[in-house]
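Let me begin by presenting the structure, written as structure tokens, before commenting on it.
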């Protein structure tokens, strides 16, 4: 059976047993901040097991995509070198949430594995383990299923503590836990290894293929196990492992799925497919990289993005080792999509995006890979001992982009290890330098601790009545704020919107008789709204009733920009692809700023398309609608939730243009899209690896921007004696004339330099048989000096030359040494001395070097270094 057939058979079998087929969740866990990546089938059902979530079904089956590369579960260093380690794998699983328990779970597993209708595995090839004291499971296996006692193994607490066992699963020190039973396949006597529980169990003969976890207890802090009222079942069977069994091969890399990827990798690299470890690395890594990018991860220098970057660069290095010329890794995506795209459609729908991301990252790394490898080889050649020093590992990481595990990989191939502790010390030192160089701001919200909550009434009003329930000055609770004092006011109810979701907090004022408090910002801590500002008149005391008035004009302008970000978000997904995710935003009354995931600059044509889409929705003038509902209903309606945001039981769904944009949002918005009037993008750029930023304006600000641009066009036209109709033609003519004049100037400078060369050659002095020339030629740029040094080397024949110039307020230096002297005297060394003398830097080849500096007054002193330099070296 092919891997795809096994996957489908598993899902279909459990559907016939009353299970609901549930799609694989994203590799980015959305309900567990403790996880870097989804690494087990049960991750998406965690809240079901904990009783925090109720679903419409109590039996589920899935084929879950998983990644283990980074954090606690890190298989990266072993991938490619063993038969069963992978960065990406599929976990087949069936689950019961308080429905069936041990008897059914065991029967289901045995039936699927051994029935001639399903996998039809030989029963005599299967071994079973149970927790030592789990007599119930043991009896089901032996008395009901019929597994002989000689193929049953009881596993006790083999990890040094009560319930610390390979056959006892825990979610943590406390909480749900229970015994598990595992099914092993015997690959045969020709492979070394012993049954589970034996001294030889680490061999490859007996391989675990299916684990059934029985969650039947709740462990309390005192270590006591209490029976759960509704026991559950969590099972997992690796698709790659069971495929190897069904296809009668021992290594996962020999199954059909990997054979196709290995062939594609060999073709892309241009090498043979002979089972090399490096080829296995590439074939494995294309799966994890492809799926991670499809799920929204982009290469970066932190978090999930850095793990992805490490995997990509490891694959590139192994491809380079196999002789790859140019970019190759992205070429394997098509084979991955063909192999797994039916089961995981995101691979096909995002194939082009995955290819672009991989190619861009590969090309970026190629710029430093060869140089970094050369530096590493030089360091290894001088290595004494078998440990690569931590400072070398750090240099490769910091300068050439080599992740630590990539250097460890290379060291391993040479039977060396790396000094991880030394590397971490270097990293700590770098982090400390970064901390020392940064300026810290104080989070005023963290200083204010408020137990009460504020009732927000600002969705439909910009003013209202409230009562002062707390006052703060310098983070301390006070009874009153006097005139001129800055502080924070907390009301029992307020129309002021608190900064959230990228939208800035409202401004305005609070009035209580003759007392006025000017609100300069509004933030939130817990459920309390904090009105930051200053007392303009009188004294504000706790208990005072106030009239709260928001600056409605500012809020309205802000709301237009906020609504525009929603339209822009959807437009970005339409123009750039569904991989686009919001990474941050800032919305105020003047403009909007929107950060999003994307791997390359947005082109001018794409900018125009974005503006066209948003302005089309603006012109439709459709109502902006809100609805309060539960999170699951919102998701079913297609509402987009921002990754990493915390949502309560009820959420606010904001719809614009019908179903054009549907997002969860608690902000203040326009009433209709037409209120935005006009949308104009004013800038686009990168803010971090894999993150782009667009800034835009709307309404009156957009009109003002366009009017200013129109004035600039008029002024430019006047400067070149044209008008807006012939501006481009006129400007092109001016630029062409400028190019011609620059060319003529270069020719004149070359003639002048040649004439100067004739004059300068006679000024050379002789030092130990060589000619040494140092001269100052103000007004000449570096290009002219380089040409002159070449000319002088030909004329002088056996010489050391140093030329300097004051050019545009700075020093330009060029040094040259004829080739017959370059083994004794190096132009780069002379340049370092001369450039340092003028407060700058320089370097180059042994025969030619360039540099410069800012200290024009020291230029003559720098030129005077040429003669002593020659005297010392000759």
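Including glycine, each Cβ sits where the backbone N, Cα and C put it.
Pulled from Swiss-Prot, these are the features on record:
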- 562, 566, 665, 669: Zn(2+) binding site (BINDING)
Residues flanking the Zn(2+) site, with Cβ no more than 8 Å from the Cβ centroid of 562, 566, 665, 669 and excluding those residues themselves: 503, 559, 563, 565, 624, 654, 656, 663, 667, 668
Where residue 562 (Zn(2+) binding site) falls in three-state DSSP terms: helix
Number of Cβ atoms other than its own within 10 Å, given for residue 562 (Zn(2+) binding site): 25
Number of Cβ atoms other than its own within 10 Å, given for residue 665 (Zn(2+) binding site): 26
Listed binding-site residues (566, 669), ranked by Cβ neighbours within 10 Å, top entry: 566
